[in-house]
Amino acid sequence: MYASREDIGYDFGDDSKVGSKPIKPNPNIDGGWAWMIVLSSFLVHILIMGSQMALGILNMEWLEEFNQSRGLTAWVSSLSMGITLIVGPFIGLFISMCGCRKTAIIGGVLNALGWILSAYASNVHYLFLTFGVTAGVGSGMVYLPAVVMVGQYFQKRRALAQGLSTTGTGFGAFLMTALLKYLCTEFGWRNAMFIQGAISLNLCVCGALMRPLSPKAISEKCIVRSNSEDNQAKALSCSAETIKSNRVLSEEPEKKEEATNEEVLDSVQHVEIGDKFKSGRKMYGLRILKTVSQLTVTVRKGFAIWYSSYFGAASLFTNRVFVAFIIWALFAYSSFVIPFIHLPEIVKQYNLSSQNNIFPLTSIIAIVHIFGKVILGIISDLPCISTWNVFLMANFTLVTCILTLPLMQTYVSLAVVCALIGFSSGYFSLMPVVTEDLVGTKHLANAYGIIICANGISALLGPPFAGWIYDITHKYDFSFYISGLLYMVGIIFLLIQPCIQKEQPRETSTEEAQV
């Protein structure tokens, strides 16, 4: 599985010292508490992504209640879904400072608060702030840690673990749609949102389950992975040259900060010892000062890691393959979202509504999507299979389906294409795995935050762009063709950059030989 890094085009060195030491694997990696992390992430996908896919129920209630245009009302759900993903880079900062567990718990409270405050909405613009922004940011603060923690706890079964956890999106779409429909019918949409806010507090429980791995366990995981890669394809540890230079960059400032901050803490401790016999009020003040100093150290360290990852001289953006991955993400997600929006209209255009009412095409996509994530995860974990190649093949299948879907004019042919769209879009479970292969476990939170931010921009702008194309051409076909072609451009970037990455070391080695 890990030969995929070699396919991507990195050159890795050799570390005989690391390889010579016998390493006792952590029992929680690929087993033990790792499966509780999968369960936690699964529930997060049900409560967040599943709820967002069921917002069509509330959208109809908002249209009837506030009597606003469809376009304006649709921005409420679009903001919630888009902001959940767009805030990814900033959530990476929270994770660097507070860790995944605290970030997820705070996000669960914020998400629940957004749902509850939205129950008192007096207009659509109020929902923009409470549901679109507040609940959206809270969702992002839980979603990113849920993905990152699965990547930290798994080594051999990463793709399967991510696939199982992300199937919560499909299950959540069915469960939350039925739940919101029932609550709106029995109690009204306002009480339904209040109850859903109470249910969303379970995100705090999911966050509490995200027990952090010790730094020693994470380093052991990286070393064990590097040893297995050495035996297969002479690959090294969990980061490439970009990440190594990041470490060199960040170590020196961190050491200086640690020295200065430790001096502050030591002085506080000395003063505290010397003032044992003084009044309790002064001792209480010194304890507060010590706590603030420790918090300052944590914040500065987290910000230094976050800043060096994004804006340092050796940031993630100096990794060309990763930049190509970002460009791909900008075009990919909208191609998956657009069929969900325009399929009902295409069905109506071809007079297939009676058959679609029996078994909706969007339901076919959602059901097969669940199996696609699990099956692609199992295939990618096979030792003889490259995750990168599986990822590319799934992308090629999806873009082919997007381009051919407008040509299908019977229910059976549309159902077959939709099933292929659902299965091939299961590559979403491989995105964290591919990202970790590119940048390493240490930088997974910041890197995947950028990727889901690009996905959020695509989800936010893709559907309105498709609607604008329809207004001009009065056909849905061009929406699929243009989004499919843009998607193909992103895939071409993924294919070109690894080839360039492979050629560069050869050129440099030739120049060194001449010297």
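Start at 1 and count along the chain as shown; that gives each residue its number.
Heads up, the Cβ atoms here are built off N, Cα and C, so glycines get one too.
TrEMBL annotations: computationally assigned, not manually curated.
Note that the structure is predicted; figures quoted are calculated from it, not measured.
Listed features, source TrEMBL:
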- 33-55: transmembrane segment (TRANSMEM)
- 37-502: domain 'Major facilitator superfamily (MFS) profile' (DOMAIN)
- 75-96: transmembrane segment (TRANSMEM)
- 103-121: transmembrane segment (TRANSMEM)
- 127-148: transmembrane segment (TRANSMEM)
- 160-180: transmembrane segment (TRANSMEM)
- 192-210: transmembrane segment (TRANSMEM)
- 321-343: transmembrane segment (TRANSMEM)
- 358-376: transmembrane segment (TRANSMEM)
- 388-408: transmembrane segment (TRANSMEM)
- 414-435: transmembrane segment (TRANSMEM)
- 447-466: transmembrane segment (TRANSMEM)
- 478-496: transmembrane segment (TRANSMEM)
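Outside the transmembrane segment (358-376) by six or more residues, the chain places 53, 159-160, 162-164, 166-167, 169-171, 173-174, 339-340, 343-344, 347, 390, 394, 414-415, 418-419, 421-430 with a CB less than 8 A from a CB of the stretch. Against the transmembrane segment (192-210), the recorded stretches 33-55, 160-180, 447-466, 478-496 differ in Cβ pairs under 8 Å, and the greatest number is found for 33-55. Touching of the transmembrane segment (75-96) and the transmembrane segment (447-466) is concluded from the presence of at least three CB pairs under 8 A, sequence neighbours closer than 6 excluded.
Within its own chain, the transmembrane segment (321-343) is flanked in space by residues 8-9, 242, 361-362, 365, 395, 398-399, 402, 405, 414, 418, 421, 425, 434-435, 438-439, 447, 450-452, 454-459, 461-463, 465-466, 470, 476, 479-480, 483-484, 486-487, 489-491, 493-494, 496-498, 501, which lie at least six positions past its ends and keep a Cβ under 8 Å from the stretch. The predicted model assigns the domain 'Major facilitator superfamily (MFS) profile' (37-502) a mean pLDDT of 78.
Below 8 angstroms of C-beta separation, residues 34, 38, 41-51, 53-54, 56-58, 146-147, 150-151, 153-154, 192, 196, 366-367, 369-370, 373-378, 380-381, 426, 428-430, 432-433 of the same chain, each at least six residues beyond the ends of the transmembrane segment (160-180), sit close to that stretch. Pairs of Cβ atoms less than 8 Å apart link the transmembrane segment (127-148) most often to 103-121, out of 103-121, 388-408, 414-435, 447-466, 478-496. A contact between the transmembrane segment (388-408) and the transmembrane segment (103-121) is absent, since fewer than 3 of their C-beta pairs, 6 or more residues apart, lie under 8 Å. Here the transmembrane segment (33-55) has Cβ contacts under 8 Å with residues 76-77, 80-81, 84, 104, 111, 139, 142-143, 146-147, 149-150, 153-154, 161, 164-177, 179-180, 196, 199-200, 202-203, 206-207, 209-211, 366 of the same chain, all six or more residues outside its ends.
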